[in-house]
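J.: Before I ask anything, here is the structure I am working with.
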Amino acid sequence: MQWFDALVQGVLLGGMYAQYALGMALMFGVMKIVNVSHGDLVILLSLIGISLASKLGLGPFAVMAALVPLAVGLGWLLQKAVLNRVVGEDPLPSLIATFGLSLALQNLMLQIWSANSRSLPGGGLESRSLAFGGIHIGLLPVIVLVFAVALTWGLDLLLRRTRFGRALRAAASDVEAAAMTGINPRAVYASATAIAVGILGFAAVFQSLRSTVAPSDGGAQLIYAFEAVIIGGMGSVWGAFIGSMVLGVTQAIGFRIDPGFGVLAGHLVFLLVLATRPQGLFGRA
Amino acid sequence: MTDPVLSTHALVARYGDFQALYGVDFQIAEAEAVALIGANGAGKSTFLRAIMGLLPVAPDMVRLAGQPIGGTPTDRMVQKGIAIVPEGRRLFTGMSVEDNLRVAVDQAERLGRKGGWSLARLQQLFPILRDKARTPVQSLSGGQQQMVSIGRALLCQPRVLLCDEISLGLAPKVIREIYAALPEIRAQGTSVVLVEQDVGLAQSASDRLYCMLEGRVTLTGASGAVTREDIGRAYFGGSHAMV
């Protein structure tokens, strides 16, 4: 029973990780852009959301309605102002540019919000739970998981079935050939990054509801997102979702073994996948 | 000859410090097929890339129906009606045959380009495009991949189609199959520029030809009228004979 409970909690935790990982799956997995500031963007959006809630007295879903469009705009700006200047065959320039951006964002956040941990008041949402048999499941993690599934489903459909999705996959495969087919790669990339960061708008609300956030927390979200994408397999949206589940369940089981072992267990599984199946569970060899 | 659809005027192009084209004058009329021959490194591919906006050139150096378009971004060139079958085919790997073609259909719609080519019509021209519609492009043979690449360019509904070495590395039977599509493409009113290594094939498939050597045009004339000797001289140098 205890292990079944760990499995359930792990899947729910995976729902949170999936929300970080989807944007990463799009940028790193499909576009091959390494965005080191991914986690810092989650934290930045979380802190903006918390400030909105306290200044304007907004509830969590009202914050979400404000934050997601803001995140979309931020992503578009990030691609237009920074990443479009450094995209190309070589991943190093985008890595260096976003590493610099990550440091700048962290310091900016410290300046504005100080190093204190904060969280978003959920109006009781964060403490409500549902009981199934002997297992108590928090309502919030269930909502997080539902959002994660819906976002994954939507993103997968967008990539596979729409004009935009085909154009993005084409540009990711061969930028020059894409332009020869009439695609404006920079415009497509700007929209894709807008979507990737837009998803972080959802993640930011849930992250700050379920736990506290502080300006220096971005690194952990970045690592979890990277690990989920690589475990699942580059270029696969559902792969990133499954990768998040693997990470969440491993961590939850690790926590049951020893509270200090949870996060490490996740990293160990990541290393195990990297060593035995480097293309990821759903990746093509 | 009627007014050219596409022309270049003293076209100069360079890769950094290396100058690859030294003042190329070229023109092609509607529905005409013009071959561009020359040894490796003569500047044929560079010439196509320069037209396509993949190399920086001055606006006046490339004209479409008289309008200066040189140096326009590549995606906008497609919008204006120039499409290319690039060297090495450059298909979108990881995507199916149908999705590769759909990308071109999507963009033609987005850019408002209309023309006679549809997925169905291409599948009649090259039945393999229907039989292998769901197959990832990387598992096709070279000839089949070339058909996808030509199909993708045609679905851009071009006025001018630039073909870069479409016979390279293919079996003679497959080459014949691909070149057999040329009359139907031209019947659509599309002009075709053929960069070709095989001089005999280039001569038989085109109305006129240009021979390039070291970034310059060394021979031009009606494909049926130029002799092997003329071509030999223009191809390998010695004298820069003009016909």
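Just so it is clear, glycine is given a Cβ too, placed from its N, Cα and C backbone atoms.
What TrEMBL records for this protein is below:
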type	residues	note
TRANSMEM	A:6-29	transmembrane segment
TRANSMEM	A:64-83	transmembrane segment
TRANSMEM	A:95-115	transmembrane segment
TRANSMEM	A:135-159	transmembrane segment
TRANSMEM	A:187-209	transmembrane segment
TRANSMEM	A:221-247	transmembrane segment
TRANSMEM	A:259-276	transmembrane segment
J.: May I ask which of the stretches A:6-29, A:64-83, A:95-115 has the most CB pairs under 8 A with the transmembrane segment (A:135-159)?
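T.: It is A:6-29, which has the most Cβ pairs under 8 Å.
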J.: Looking only at the recorded stretches A:6-29, A:64-83, A:95-115, A:259-276, which one has the largest tally of CB-CB distances under 8 Å to the transmembrane segment (A:187-209)?
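T.: Looking at each of A:6-29, A:64-83, A:95-115, A:259-276 in turn, the most contacts to the transmembrane segment (A:187-209) are made by A:64-83.
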J.: With Cβ distances under 8 Å as the criterion, find the stretch in A:6-29, A:64-83, A:221-247, A:259-276 that has the most pairs with the transmembrane segment (A:95-115).
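T.: Maximum Cβ contact count belongs to A:64-83.
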J.: For the transmembrane segment (A:6-29), which partner among A:64-83, A:221-247, A:259-276 gives the most CB pairs under 8 Å?
T.: A:221-247
J.: Are there residues at least six beyond either end of the transmembrane segment (A:221-247) with Cβ under 8 Å to its Cβ atoms? List them, or say none.
T.: 10-11, 14-15, 17-18, 20-26, 28-30, 36, 38-40, 42-43, 148-149, 152, 155-156, 159, 203, 207, 266-267, 269-270, 273-274, 279-284
